[in-house]
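Trainee: I have a structure here, written as C-alpha coordinates, and I will follow up with some questions on it.
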Amino acid sequence: MNANWNFDNSYARLPERFFTRIYPTPVSDPKLVVLNHSLAKELGLNAEVLASEEGVAVFAGNRVPEGAEPLAQAYAGHQFGYFNMLGDGRAILLGEHVTPSGERVDIQLKGSGRTPYSRGGDGRAALGPMLREYIISEAMHALGIPTTRSLAVVTTGEVVMRETELPGAILTRVAASHLRVGTFQYAGRFLSKEELQALADYAIKRHYPNGEHASNRYVFLLEEVMKKQAALVAKWQLVGFIHGVMNTDNMTISGETIDYGPCAFMDVYDPETVFSSIDTQGRYAYGNQPYIAGWNIARFAESLLPLLHDEEEKAIEIAQKVIEQFPALYETYWLQGMRAKLGLWTEEAEDKKLIGELLHLMYTHRLDYTNTFRSLTLEEWHFCEQELRDWYTRWQQRIARQDMTKEEVYECMRQNNPAIIPRNYRVEEALAAAVEHGDDTVMERLLHVLSDPYAYMEEQEEYAKTPEPSDRPYRTFCGT
(Lines of atoms letter the chains of each structure in order from A and count residues from 1; the text may use other names and numbers.)
(Lines give C-alpha, C1' and ligand atoms only; values in the text may rest on other atoms or scores of the structure.)
Protein backbone atom coordinates (compact mmCIF):
# COMPACT_ATOMS: atom_id res chain seq x y z
CA MET A 1 0.00 0.00 0.00
CA ASN A 2 1.11 3.56 -0.64
CA ALA A 3 -0.29 7.01 0.06
CA ASN A 4 -1.01 7.67 -3.65
CA TRP A 5 1.10 10.81 -3.87
CA ASN A 6 1.24 12.00 -7.49
CA PHE A 7 3.75 14.84 -7.76
CA ASP A 8 4.33 16.98 -10.84
CA ASN A 9 6.17 20.15 -9.88
CA SER A 10 5.55 22.95 -12.35
CA TYR A 11 6.74 25.77 -10.05
CA ALA A 12 10.16 24.08 -9.87
CA ARG A 13 10.43 24.57 -13.64
CA LEU A 14 10.34 28.37 -13.32
CA PRO A 15 13.66 30.28 -13.43
CA GLU A 16 15.70 29.29 -10.37
CA ARG A 17 15.74 32.77 -8.82
CA PHE A 18 12.12 32.16 -7.78
CA PHE A 19 13.14 29.53 -5.21
CA THR A 20 15.88 27.68 -3.39
CA ARG A 21 15.95 23.90 -3.44
CA ILE A 22 16.16 22.73 0.17
CA TYR A 23 15.06 19.73 2.20
CA PRO A 24 13.08 19.93 5.44
CA THR A 25 15.12 19.63 8.63
CA PRO A 26 14.35 16.22 10.22
CA VAL A 27 12.75 16.13 13.69
CA SER A 28 13.37 13.75 16.58
CA ASP A 29 10.02 12.18 17.47
CA PRO A 30 7.06 13.03 15.21
CA LYS A 31 3.54 12.17 16.35
CA LEU A 32 0.27 12.70 14.48
CA VAL A 33 -2.11 15.09 16.24
CA VAL A 34 -4.84 15.46 13.62
CA LEU A 35 -5.43 14.18 10.09
CA ASN A 36 -8.06 15.61 7.75
CA HIS A 37 -9.68 12.41 6.45
CA SER A 38 -12.23 14.17 4.23
CA LEU A 39 -9.55 16.30 2.55
CA ALA A 40 -7.32 13.25 2.08
CA LYS A 41 -10.22 11.57 0.27
CA GLU A 42 -10.77 14.65 -1.93
CA LEU A 43 -7.09 14.55 -2.87
CA GLY A 44 -7.20 10.84 -3.71
CA LEU A 45 -4.80 9.99 -0.87
CA ASN A 46 -4.88 6.89 1.31
CA ALA A 47 -5.70 8.13 4.83
CA GLU A 48 -4.65 4.84 6.41
CA VAL A 49 -1.14 5.17 4.98
CA LEU A 50 -1.01 8.89 5.83
CA ALA A 51 -1.73 8.02 9.48
CA SER A 52 0.97 5.34 9.55
CA GLU A 53 4.55 5.83 10.69
CA GLU A 54 5.56 6.22 7.05
CA GLY A 55 2.92 8.90 6.43
CA VAL A 56 3.74 10.81 9.60
CA ALA A 57 7.41 10.84 8.55
CA VAL A 58 6.35 12.72 5.40
CA PHE A 59 4.30 15.25 7.38
CA ALA A 60 7.29 15.77 9.69
CA GLY A 61 9.76 16.31 6.86
CA ASN A 62 11.74 13.21 7.86
CA ARG A 63 10.88 11.47 4.60
CA VAL A 64 10.36 12.99 1.17
CA PRO A 65 7.86 11.08 -0.98
CA GLU A 66 8.79 9.94 -4.46
CA GLY A 67 8.38 12.69 -7.05
CA ALA A 68 8.56 15.58 -4.58
CA GLU A 69 11.10 18.36 -5.20
CA PRO A 70 11.33 20.32 -1.93
CA LEU A 71 11.97 24.05 -2.23
CA ALA A 72 11.46 27.35 -0.44
CA GLN A 73 9.81 30.11 -2.46
CA ALA A 74 11.23 33.61 -2.82
CA TYR A 75 8.92 36.60 -2.62
CA ALA A 76 8.77 40.15 -1.28
CA GLY A 77 5.95 42.26 0.07
CA HIS A 78 4.59 45.29 1.84
CA GLN A 79 4.22 44.48 5.53
CA PHE A 80 2.11 47.12 7.28
CA GLY A 81 2.90 49.42 4.35
CA TYR A 82 6.68 48.88 4.30
CA PHE A 83 8.41 46.94 1.53
CA ASN A 84 10.66 44.01 2.47
CA MET A 85 12.42 41.10 0.82
CA LEU A 86 10.79 38.01 2.31
CA GLY A 87 10.39 34.36 1.24
CA ASP A 88 9.45 31.08 2.90
CA GLY A 89 11.25 31.46 6.21
CA ARG A 90 9.80 28.37 7.87
CA ALA A 91 7.88 26.57 5.14
CA ILE A 92 9.00 24.17 2.45
CA LEU A 93 6.97 23.27 -0.62
CA LEU A 94 7.22 19.51 -1.13
CA GLY A 95 5.71 19.89 -4.59
CA GLU A 96 2.42 19.80 -6.46
CA HIS A 97 0.10 16.82 -6.07
CA VAL A 98 -2.21 16.13 -9.00
CA THR A 99 -5.49 14.58 -7.84
CA PRO A 100 -7.36 11.81 -9.71
CA SER A 101 -9.68 14.50 -11.13
CA GLY A 102 -6.69 16.43 -12.48
CA GLU A 103 -6.68 19.23 -9.90
CA ARG A 104 -3.20 20.53 -9.08
CA VAL A 105 -2.50 21.54 -5.45
CA ASP A 106 0.58 22.63 -3.52
CA ILE A 107 1.65 20.48 -0.57
CA GLN A 108 3.62 22.63 1.87
CA LEU A 109 5.14 21.83 5.26
CA LYS A 110 4.89 24.83 7.60
CA GLY A 111 7.40 24.79 10.46
CA SER A 112 9.79 22.44 8.67
CA GLY A 113 13.09 24.19 9.41
CA ARG A 114 15.36 27.03 8.39
CA THR A 115 15.67 28.23 4.81
CA PRO A 116 17.79 30.95 3.15
CA TYR A 117 14.80 33.27 3.74
CA SER A 118 14.50 32.70 7.51
CA ARG A 119 16.02 36.11 8.38
CA GLY A 120 17.33 34.92 11.75
CA GLY A 121 14.25 32.85 12.62
CA ASP A 122 14.43 29.23 13.75
CA GLY A 123 12.26 27.95 10.90
CA ARG A 124 10.00 26.16 13.35
CA ALA A 125 6.39 26.49 14.51
CA ALA A 126 4.58 25.91 17.79
CA LEU A 127 1.68 23.50 18.20
CA GLY A 128 -0.92 26.13 19.20
CA PRO A 129 -0.67 28.32 16.07
CA MET A 130 -0.58 25.27 13.77
CA LEU A 131 -3.75 23.82 15.33
CA ARG A 132 -5.31 27.27 15.15
CA GLU A 133 -4.69 27.42 11.40
CA TYR A 134 -6.10 23.90 11.04
CA ILE A 135 -9.31 24.79 12.91
CA ILE A 136 -9.96 28.14 11.25
CA SER A 137 -8.97 27.22 7.70
CA GLU A 138 -11.30 24.21 7.82
CA ALA A 139 -14.07 26.38 9.32
CA MET A 140 -13.59 28.90 6.50
CA HIS A 141 -13.86 26.12 3.93
CA ALA A 142 -17.11 24.94 5.53
CA LEU A 143 -18.41 28.53 5.43
CA GLY A 144 -17.88 28.49 1.66
CA ILE A 145 -14.95 30.92 1.66
CA PRO A 146 -11.99 30.19 -0.67
CA THR A 147 -9.06 29.16 1.51
CA THR A 148 -5.94 27.11 1.81
CA ARG A 149 -6.68 23.82 3.57
CA SER A 150 -5.00 21.84 6.33
CA LEU A 151 -4.23 18.16 5.77
CA ALA A 152 -2.43 17.31 9.01
CA VAL A 153 -0.64 18.56 12.10
CA VAL A 154 2.19 16.61 13.71
CA THR A 155 4.22 17.36 16.81
CA THR A 156 7.99 17.17 16.39
CA GLY A 157 9.08 15.92 19.81
CA GLU A 158 11.11 19.12 20.12
CA VAL A 159 10.46 22.47 21.78
CA VAL A 160 10.48 25.92 20.20
CA MET A 161 11.39 29.04 22.11
CA ARG A 162 8.92 31.91 21.91
CA GLU A 163 7.96 33.82 25.08
CA THR A 164 8.45 30.44 26.74
CA GLU A 165 9.16 26.85 25.72
CA LEU A 166 6.37 25.47 23.52
CA PRO A 167 5.85 22.10 21.84
CA GLY A 168 7.02 22.18 18.22
CA ALA A 169 4.70 21.21 15.36
CA ILE A 170 4.42 21.10 11.58
CA LEU A 171 1.27 21.83 9.56
CA THR A 172 0.73 20.33 6.12
CA ARG A 173 -0.95 23.06 4.10
CA VAL A 174 -2.78 22.42 0.83
CA ALA A 175 -3.30 25.32 -1.58
CA ALA A 176 -4.32 25.97 -5.18
CA SER A 177 -0.85 27.52 -5.27
CA HIS A 178 1.35 29.74 -3.12
CA LEU A 179 1.70 32.45 -5.78
CA ARG A 180 1.26 35.80 -4.04
CA VAL A 181 1.10 39.46 -4.94
CA GLY A 182 4.47 39.49 -3.17
CA THR A 183 5.86 36.94 -5.65
CA PHE A 184 5.16 39.43 -8.44
CA GLN A 185 6.59 42.30 -6.40
CA TYR A 186 9.78 40.28 -5.96
CA ALA A 187 10.02 39.63 -9.70
CA GLY A 188 9.16 43.22 -10.59
CA ARG A 189 11.71 44.71 -8.18
CA PHE A 190 14.62 42.26 -8.31
CA LEU A 191 14.39 40.15 -11.48
CA SER A 192 14.43 40.74 -15.23
CA LYS A 193 11.41 41.51 -17.40
CA GLU A 194 11.80 38.03 -18.92
CA GLU A 195 11.59 36.40 -15.49
CA LEU A 196 8.57 38.52 -14.56
CA GLN A 197 6.93 37.48 -17.82
CA ALA A 198 7.69 33.81 -17.12
CA LEU A 199 5.96 34.16 -13.73
CA ALA A 200 2.92 35.91 -15.22
CA ASP A 201 2.61 33.32 -17.99
CA TYR A 202 2.84 30.58 -15.38
CA ALA A 203 0.11 32.18 -13.22
CA ILE A 204 -2.18 32.51 -16.25
CA LYS A 205 -1.63 28.92 -17.33
CA ARG A 206 -2.17 27.58 -13.81
CA HIS A 207 -5.06 29.73 -12.59
CA TYR A 208 -6.59 31.69 -15.48
CA PRO A 209 -6.07 29.61 -18.66
CA ASN A 210 -8.75 31.60 -20.53
CA GLY A 211 -6.27 34.47 -20.48
CA GLU A 212 -3.99 32.69 -22.92
CA HIS A 213 -6.37 33.82 -25.69
CA ALA A 214 -7.00 37.36 -24.39
CA SER A 215 -5.95 40.40 -26.45
CA ASN A 216 -3.68 41.44 -23.55
CA ARG A 217 -3.15 38.46 -21.30
CA TYR A 218 -1.49 40.52 -18.54
CA VAL A 219 -4.39 42.98 -18.32
CA PHE A 220 -6.63 39.91 -18.16
CA LEU A 221 -4.53 38.52 -15.28
CA LEU A 222 -4.81 41.80 -13.36
CA GLU A 223 -8.58 41.95 -13.90
CA GLU A 224 -9.14 38.34 -12.84
CA VAL A 225 -7.04 38.57 -9.68
CA MET A 226 -8.85 41.80 -8.78
CA LYS A 227 -12.25 40.11 -9.22
CA LYS A 228 -11.19 37.12 -7.12
CA GLN A 229 -9.90 39.33 -4.30
CA ALA A 230 -12.95 41.63 -4.34
CA ALA A 231 -15.20 38.57 -4.04
CA LEU A 232 -13.00 37.03 -1.32
CA VAL A 233 -12.88 40.09 0.93
CA ALA A 234 -16.63 40.59 0.50
CA LYS A 235 -17.10 37.05 1.83
CA TRP A 236 -14.83 37.83 4.79
CA GLN A 237 -16.91 40.89 5.63
CA LEU A 238 -20.16 38.96 5.36
CA VAL A 239 -19.14 36.53 8.13
CA GLY A 240 -17.21 39.03 10.27
CA PHE A 241 -13.78 37.53 9.58
CA ILE A 242 -10.77 39.73 10.35
CA HIS A 243 -7.58 38.50 8.70
CA GLY A 244 -5.27 40.63 10.82
CA VAL A 245 -2.21 40.70 8.57
CA MET A 246 -3.24 41.70 5.03
CA ASN A 247 0.31 42.25 3.82
CA THR A 248 0.82 41.85 0.08
CA ASP A 249 2.68 38.57 0.63
CA ASN A 250 -0.56 37.26 2.18
CA MET A 251 -2.69 37.99 -0.88
CA THR A 252 -2.86 35.01 -3.22
CA ILE A 253 -3.12 35.10 -7.00
CA SER A 254 -5.62 32.22 -6.81
CA GLY A 255 -8.03 34.17 -4.59
CA GLU A 256 -7.68 31.89 -1.56
CA THR A 257 -7.41 33.10 2.04
CA ILE A 258 -3.90 32.37 3.31
CA ASP A 259 -2.04 32.78 6.62
CA TYR A 260 -4.19 32.45 9.72
CA GLY A 261 -1.68 33.88 12.21
CA PRO A 262 -3.50 36.71 14.03
CA CYS A 263 -6.96 36.28 12.49
CA ALA A 264 -10.20 36.21 14.49
CA PHE A 265 -13.96 36.58 14.10
CA MET A 266 -15.82 39.70 15.20
CA ASP A 267 -18.34 39.32 18.02
CA VAL A 268 -19.98 42.72 18.68
CA TYR A 269 -20.31 44.66 15.43
CA ASP A 270 -17.73 47.43 15.24
CA PRO A 271 -15.94 48.38 11.99
CA GLU A 272 -12.86 49.40 14.00
CA THR A 273 -12.42 45.93 15.49
CA VAL A 274 -8.77 44.84 15.59
CA PHE A 275 -7.49 41.69 17.29
CA SER A 276 -3.84 41.51 16.20
CA SER A 277 -1.38 42.57 18.90
CA ILE A 278 0.99 44.00 16.26
CA ASP A 279 -1.64 46.07 14.42
CA THR A 280 -1.37 49.00 16.80
CA GLN A 281 -2.65 51.56 14.26
CA GLY A 282 -5.66 49.52 13.14
CA ARG A 283 -4.43 49.32 9.54
CA TYR A 284 -6.08 45.92 9.11
CA ALA A 285 -9.26 46.60 11.13
CA TYR A 286 -12.49 44.93 9.97
CA GLY A 287 -13.80 48.06 8.25
CA ASN A 288 -10.48 48.72 6.50
CA GLN A 289 -10.15 45.33 4.84
CA PRO A 290 -11.81 46.29 1.52
CA TYR A 291 -9.60 49.40 1.21
CA ILE A 292 -6.46 47.42 1.99
CA ALA A 293 -7.42 44.81 -0.60
CA GLY A 294 -7.69 47.59 -3.19
CA TRP A 295 -4.31 48.99 -2.09
CA ASN A 296 -2.74 45.54 -2.46
CA ILE A 297 -4.22 45.14 -5.95
CA ALA A 298 -2.64 48.49 -6.88
CA ARG A 299 0.74 47.07 -5.77
CA PHE A 300 0.08 44.02 -7.96
CA ALA A 301 -0.68 46.32 -10.90
CA GLU A 302 2.59 48.20 -10.30
CA SER A 303 4.57 44.97 -10.52
CA LEU A 304 2.90 44.13 -13.85
CA LEU A 305 3.54 47.53 -15.49
CA PRO A 306 6.44 46.34 -17.73
CA LEU A 307 4.10 43.72 -19.20
CA LEU A 308 1.00 45.89 -19.66
CA HIS A 309 2.58 48.16 -22.29
CA ASP A 310 6.06 49.00 -23.58
CA GLU A 311 5.51 52.69 -22.79
CA GLU A 312 5.40 53.31 -19.04
CA GLU A 313 2.83 56.12 -19.23
CA LYS A 314 0.43 53.97 -21.21
CA ALA A 315 1.05 51.03 -18.88
CA ILE A 316 0.14 53.22 -15.88
CA GLU A 317 -2.99 54.45 -17.67
CA ILE A 318 -4.06 50.85 -18.41
CA ALA A 319 -3.43 49.78 -14.80
CA GLN A 320 -5.34 52.74 -13.37
CA LYS A 321 -8.37 52.01 -15.56
CA VAL A 322 -8.46 48.50 -14.14
CA ILE A 323 -7.82 49.14 -10.46
CA GLU A 324 -10.22 52.10 -10.20
CA GLN A 325 -13.00 49.55 -10.74
CA PHE A 326 -12.16 47.75 -7.48
CA PRO A 327 -14.40 49.72 -5.05
CA ALA A 328 -17.53 49.29 -7.19
CA LEU A 329 -16.69 45.65 -7.86
CA TYR A 330 -16.26 44.95 -4.15
CA GLU A 331 -19.51 46.74 -3.29
CA THR A 332 -21.39 44.68 -5.89
CA TYR A 333 -20.21 41.42 -4.31
CA TRP A 334 -20.83 42.69 -0.77
CA LEU A 335 -24.35 44.00 -1.54
CA GLN A 336 -25.21 40.74 -3.27
CA GLY A 337 -24.11 38.84 -0.16
CA MET A 338 -25.91 41.18 2.24
CA ARG A 339 -29.13 40.88 0.27
CA ALA A 340 -28.87 37.10 0.54
CA LYS A 341 -28.32 37.37 4.31
CA LEU A 342 -31.57 39.33 4.53
CA GLY A 343 -33.50 37.02 2.20
CA LEU A 344 -33.65 39.58 -0.60
CA TRP A 345 -33.47 38.00 -4.04
CA THR A 346 -34.63 41.07 -5.93
CA GLU A 347 -32.82 44.40 -6.04
CA GLU A 348 -34.27 47.72 -4.93
CA ALA A 349 -32.52 51.08 -4.79
CA GLU A 350 -33.22 51.45 -1.06
CA ASP A 351 -31.60 48.10 -0.12
CA LYS A 352 -28.22 49.68 0.65
CA LYS A 353 -29.92 52.13 3.02
CA LEU A 354 -31.83 49.31 4.77
CA ILE A 355 -28.59 47.34 5.24
CA GLY A 356 -26.73 50.42 6.46
CA GLU A 357 -29.46 51.13 9.02
CA LEU A 358 -29.17 47.59 10.39
CA LEU A 359 -25.39 47.84 10.71
CA HIS A 360 -25.73 51.22 12.44
CA LEU A 361 -28.22 49.73 14.92
CA MET A 362 -25.88 46.81 15.57
CA TYR A 363 -23.09 49.28 16.28
CA THR A 364 -25.06 51.62 18.55
CA HIS A 365 -26.71 48.78 20.50
CA ARG A 366 -23.51 46.68 20.60
CA LEU A 367 -25.18 43.66 19.01
CA ASP A 368 -23.36 40.47 18.10
CA TYR A 369 -22.82 40.44 14.33
CA THR A 370 -23.37 36.73 13.65
CA ASN A 371 -26.22 36.26 16.11
CA THR A 372 -28.14 39.29 14.86
CA PHE A 373 -28.48 37.64 11.46
CA ARG A 374 -29.11 34.33 13.20
CA SER A 375 -32.00 35.90 15.14
CA LEU A 376 -33.54 37.19 11.92
CA THR A 377 -33.14 33.78 10.29
CA LEU A 378 -34.79 31.98 13.22
CA GLU A 379 -37.54 34.63 13.53
CA GLU A 380 -36.36 35.44 17.04
CA TRP A 381 -36.24 39.24 16.82
CA HIS A 382 -37.22 39.87 20.44
CA PHE A 383 -35.76 43.33 20.96
CA CYS A 384 -37.58 45.91 23.09
CA GLU A 385 -35.89 49.00 21.64
CA GLN A 386 -38.31 50.84 19.37
CA GLU A 387 -35.77 51.65 16.63
CA LEU A 388 -34.87 47.96 16.32
CA ARG A 389 -38.55 47.04 16.11
CA ASP A 390 -39.11 49.77 13.51
CA TRP A 391 -36.24 48.48 11.38
CA TYR A 392 -37.69 44.96 11.58
CA THR A 393 -41.03 46.27 10.30
CA ARG A 394 -39.32 47.99 7.33
CA TRP A 395 -37.44 44.78 6.53
CA GLN A 396 -40.66 42.73 6.68
CA GLN A 397 -42.30 45.19 4.31
CA ARG A 398 -39.32 44.89 1.95
CA ILE A 399 -39.38 41.08 1.78
CA ALA A 400 -43.14 41.17 1.23
CA ARG A 401 -42.55 43.07 -2.03
CA GLN A 402 -40.77 40.15 -3.70
CA ASP A 403 -42.36 37.11 -5.28
CA MET A 404 -41.18 34.57 -2.70
CA THR A 405 -42.98 32.65 -0.01
CA LYS A 406 -42.00 33.23 3.59
CA GLU A 407 -40.50 29.71 3.65
CA GLU A 408 -38.34 30.50 0.60
CA VAL A 409 -37.10 33.72 2.20
CA TYR A 410 -36.02 32.00 5.41
CA GLU A 411 -34.48 29.06 3.55
CA CYS A 412 -32.40 31.56 1.58
CA MET A 413 -31.32 33.16 4.85
CA ARG A 414 -30.39 29.81 6.40
CA GLN A 415 -28.08 29.15 3.46
CA ASN A 416 -26.32 32.50 3.89
CA ASN A 417 -26.25 33.11 7.66
CA PRO A 418 -24.11 30.63 9.58
CA ALA A 419 -25.59 29.29 12.79
CA ILE A 420 -22.05 29.13 14.13
CA ILE A 421 -18.61 30.64 13.56
CA PRO A 422 -15.29 29.74 15.22
CA ARG A 423 -15.87 31.91 18.29
CA ASN A 424 -12.50 33.14 19.51
CA TYR A 425 -13.02 31.89 23.06
CA ARG A 426 -14.06 28.44 21.79
CA VAL A 427 -10.92 28.20 19.65
CA GLU A 428 -8.78 29.19 22.65
CA GLU A 429 -10.49 26.55 24.81
CA ALA A 430 -9.70 23.87 22.24
CA LEU A 431 -6.09 24.99 21.89
CA ALA A 432 -5.52 25.13 25.65
CA ALA A 433 -6.88 21.60 26.09
CA ALA A 434 -4.75 20.23 23.24
CA VAL A 435 -1.50 22.07 23.95
CA GLU A 436 -1.47 22.23 27.75
CA HIS A 437 -3.24 18.97 28.60
CA GLY A 438 -2.85 16.79 25.50
CA ASP A 439 -6.64 16.53 25.26
CA ASP A 440 -7.76 16.68 21.62
CA THR A 441 -11.43 15.90 22.33
CA VAL A 442 -12.39 19.58 22.80
CA MET A 443 -10.90 20.40 19.40
CA GLU A 444 -12.56 17.38 17.77
CA ARG A 445 -15.99 18.47 19.04
CA LEU A 446 -15.38 22.01 17.83
CA LEU A 447 -14.27 20.79 14.39
CA HIS A 448 -17.40 18.65 14.18
CA VAL A 449 -19.88 21.47 14.87
CA LEU A 450 -17.97 23.84 12.57
CA SER A 451 -18.00 21.36 9.69
CA ASP A 452 -21.58 22.26 8.68
CA PRO A 453 -22.18 25.85 9.85
CA TYR A 454 -25.46 26.27 7.98
CA ALA A 455 -27.08 23.13 9.42
CA TYR A 456 -28.73 24.83 12.42
CA MET A 457 -28.25 21.63 14.46
CA GLU A 458 -29.20 21.45 18.11
CA GLU A 459 -25.63 20.58 19.09
CA GLN A 460 -24.48 23.93 17.64
CA GLU A 461 -26.59 25.92 20.12
CA GLU A 462 -23.95 25.85 22.85
CA TYR A 463 -21.23 26.98 20.43
CA ALA A 464 -23.31 29.89 19.11
CA LYS A 465 -23.25 31.63 22.50
CA THR A 466 -21.37 34.90 22.69
CA PRO A 467 -18.42 35.21 25.07
CA GLU A 468 -18.90 36.53 28.60
CA PRO A 469 -18.19 40.27 28.85
CA SER A 470 -14.55 40.98 29.71
CA ASP A 471 -12.55 44.05 30.61
CA ARG A 472 -9.62 42.63 28.64
CA PRO A 473 -9.88 42.83 24.84
CA TYR A 474 -9.22 39.60 22.94
CA ARG A 475 -5.76 39.68 21.34
CA THR A 476 -4.21 37.47 18.68
CA PHE A 477 -0.54 36.88 17.99
CA CYS A 478 1.39 36.00 14.88
CA GLY A 479 2.89 32.76 16.22
CA THR A 480 6.17 33.36 14.36
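Along the chain as shown, the residues are counted starting at 1.
Cβ atoms are placed via backbone N, Cα and C, with glycine included.
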Trainee: Which of D8, D29, D259, D267 does Swiss-Prot put in the same ATP site as G87, G89, R90, K110, D122, G123, R173, R180?
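Mentor: As annotated by Swiss-Prot, G87, G89, R90, K110, D122, G123, R173, R180 share the ATP site with D259, chosen from D8, D29, D259, D267.
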Trainee: If you measure C-alpha to C-alpha, which of R90, D122, R173 (binding-site residues) come within 10 angstroms of D249 (active site, proton acceptor)?
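Mentor: Cα within 10 Å of D249 (active site, proton acceptor): none.
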Trainee: Measuring Cα to Cα, tell me the gap between G87 (ATP binding site) and N250 (Mg(2+) binding site) in whole angstrom.
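Mentor: Rounded to the nearest whole number, the Cα-Cα distance is 11 Å.
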Trainee: Here are some binding-site residues: R90, R173. Which one has the most Cβ atoms within 10 Å of its Cβ?
Mentor: R173
Trainee: So, in DSSP terms, is G87 (ATP binding site) helix, strand, or coil?
Mentor: coil
Trainee: Do any residues at least six apart in sequence from D259 (ATP binding site), in the same chain, have a Cβ closer than 8 Å to its Cβ, and if so which, in order?
Mentor: H243, V245, N250
Trainee: Max Cα-Cα distance in Å among G87, G89, R90, K110, D122, G123, R173, R180, D259, the residues listed as binding ATP?
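Mentor: So the maximum pairwise Cα distance among the ATP binders is 23 Å.
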